């Protein structure tokens with residue numbers, strides 16, 4: 001066995017917990033520690049024996065930091081790590097802002113001779129790899145990405161912010177051709193009118209362009225399940241030949257898959273030249289541990 | 001538009017014809033010519049106005065050669081092109097021999113400061129990319145690759161070589177978990193016994209381990225269709241989380257897809273450092289034309 005990859009986890013919410021599990025299962029990694037805001041509070045049992053600190057620089061010789069932080073905090077955490085020469089992996093998921101994040105982090109990464117792998121979840125992330133491959137081998141045609149059924153983190157947060165909502169869950173339901181229905185489950189705050197709250201949700205920017213159904217329920221917590229899925233299709237033309245049909249499907253535990261993708265991307269981070277990269281810019285084999293030949297033998 | 005990629009096609013059988021179509025549709029390529037064994041014979045109409053020669057060196061400034069030649073001839077054609085500093089793409093398809101082809105071509109490619117992209121069809125090829133990604137993000141579990149229904153070139157050639165067979169078609173039928181049924185359609189040579197021929201086919205190395213059905217027919221030609229397919233699944237574990245379900249499907253025109261993959265691989269060939277590479281060793285985005293940013297915007 002070669003020298004292990006010295007990794008830190010930054011943030012310990014839902015994704016952070018699954019990232020710890022994925023690292024514990026990956027024999028080529030060695031966890032240096034976890035960065036949390038309040039390291040002196042009582043830590044959950046699974047962190048006993050693990051260094052929990054409040055700043056990355058309190059951990060020694062970290063090679064790569066897995067940023068399990070909210071998307072809007074990614075850039076600042078990444079820049080801080082990169083400026084110390086530590087490679088980063090993030091799951092930044094605002095599709096329209098990926099190019100500008102890449103430019104911002106590329107500069108810092110290059111200046112510090114390190115790498116950032118960005119948007120390294122499953123969408124954006126591994127789905128992007130599949131879309132890229134589909135676009136290449138069927139260059140004319142349409143790709144549809146249908147998500148779910150599964151909980152949308154972004155939409156759930158948006159509903160929770162609405163006046164009168166105590167707890168909420170927004171489920172994404174695929175109805176084909178990249179169109180989605182929103183099924184929103186809401187616990188009302190006392191004294192609020194269901195009709196008013198429903199109206200506010202349906203008028204929110206997150207929901208106003210989608211078919212949205214709001215259901216008032218007694219207990220949102222009993223509905224929550226981390227399963228998710230995607231169905232991607234492309235029908236098009238290779239060369240001059242029409243009706244080429246491709247599809248990719250997943251039914252997965254969402255945070256478990258996200259965490260596993262981050263761990264794979266961390267391997268690639270240490271193999272790439274300085275810079276910032278999305279997953280389609282990485283040779284897929286670099287996401288696997290060890291030497292290439294064994295994998296070519298098995299997978300080609 | 002940047003300078004176009006100067007490409008040659010070596011071999012003009014079934015795959016070669018589709019490769020020409022794919023190049024004609026790809027605006028970033030410029031066809032320098034086609035290498036055929038008998039360039040002085042009457043050429044098919046679609047080759048009028050195209051240089052048809054008997055040796056690659058008769059074509060000027062070729063950057064990359066697409067080797068549309070039988071698998072067993074790949075190594076010698078590739079070495080010849082590489083030794084002249086011309087990058088190559090092949091669709092070598094003997095899975096167990098890919099590593100040794102890679103080693104052999106890597107040496108010649110590095111000596112001549114060029115690249116070889118090997119096994120660049122759909123299986124091995126783009127399916128290998130998908131298997132690699134699946135293995136990375138679901139590191140424990142089993143991947144099954146189920147081919148078909150579609151014509152197996154290798155098995156069809158094997159049947160044709162059997163005594164008493166005039167014409168033949170071997171279809172690959174997926175029956176799940178990487179197990180395949182062989183449906184063999186045969187036109188008998190005059191004077192041969194069906195029973196004997198069927199027995200010889202079923203005893204042949206290509207068939208003896210598979211469920212094989214042989215049907216004697218009047219006209220094999222009316223049965224031939226270039227459609228093919230694949231269904232790949234992986235069920236396994238990400239981190240410590242079980243029951244992660246992935247699948248990839250294609251229903252495609254086989255030579256059209258193969259040819260398109262070669263064209264995509266040719267782009268990557270000119271972007272990689274010297275050496276020989278299988279498709280999982282290439283950043284998928286390098287299979288697309290033009291600059292990266294536009295694709296990141298569209299596909300991530």
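Backbone N, Cα and C define each Cβ position, glycine as well.
As annotated by TrEMBL, NADP(+) binding site applies to A:12, A:13, A:14, A:15, A:91, A:92, A:93, A:120, A:121, A:122, A:123, A:124. Within its own chain, residue A:91 (NADP(+) binding site) has A:15, A:67, A:68, A:71, A:74, A:119, A:120, A:121, A:125, A:258, A:261, A:262 as residues 6 or more apart in sequence whose C-beta sits under 8 angstroms from its own.
Residues annotated as substrate binding site in TrEMBL: A:172, A:182, A:228, A:254. DSSP assigns residue A:172 (substrate binding site) to a strand segment in the three-state reduction.
Per TrEMBL, the feature domain 'Gfo/Idh/MocA-like oxidoreductase N-terminal' maps to A:5-87. Broken down by DSSP into helix, strand and coil, the domain 'Gfo/Idh/MocA-like oxidoreductase N-terminal' (A:5-87) contains 31 helix, 20 strand, 32 coil.
The annotation domain 'Meso-diaminopimelate D-dehydrogenase C-terminal' is assigned in TrEMBL to A:121-180.
Listed in sequence order, the residues of the same chain lying 6 or more apart from residue A:12 (NADP(+) binding site) and placing their CB within less than 8 Å of its CB are A:20, A:34, A:36, A:47, A:52, A:68. Residue A:123 (NADP(+) binding site): 21 other CB atoms within 10 A of its CB, across all protein chains. Taken together, the residues in the domain 'Gfo/Idh/MocA-like oxidoreductase N-terminal' (A:5-87) have a mean pLDDT of 97 on the 0 to 100 scale.
Of all the binding-site residues listed (A:14, A:172, A:254), A:14 has the fewest other CB atoms within 10 A of its CB. For the domain 'Meso-diaminopimelate D-dehydrogenase C-terminal' (A:121-180), the number of residues in each DSSP class (helix H, G, I; strand E, B; coil) is 20 helix, 24 strand, 16 coil.
On a Cα basis, residue A:14 (NADP(+) binding site) lies 10 Å away from residue A:254 (substrate binding site).
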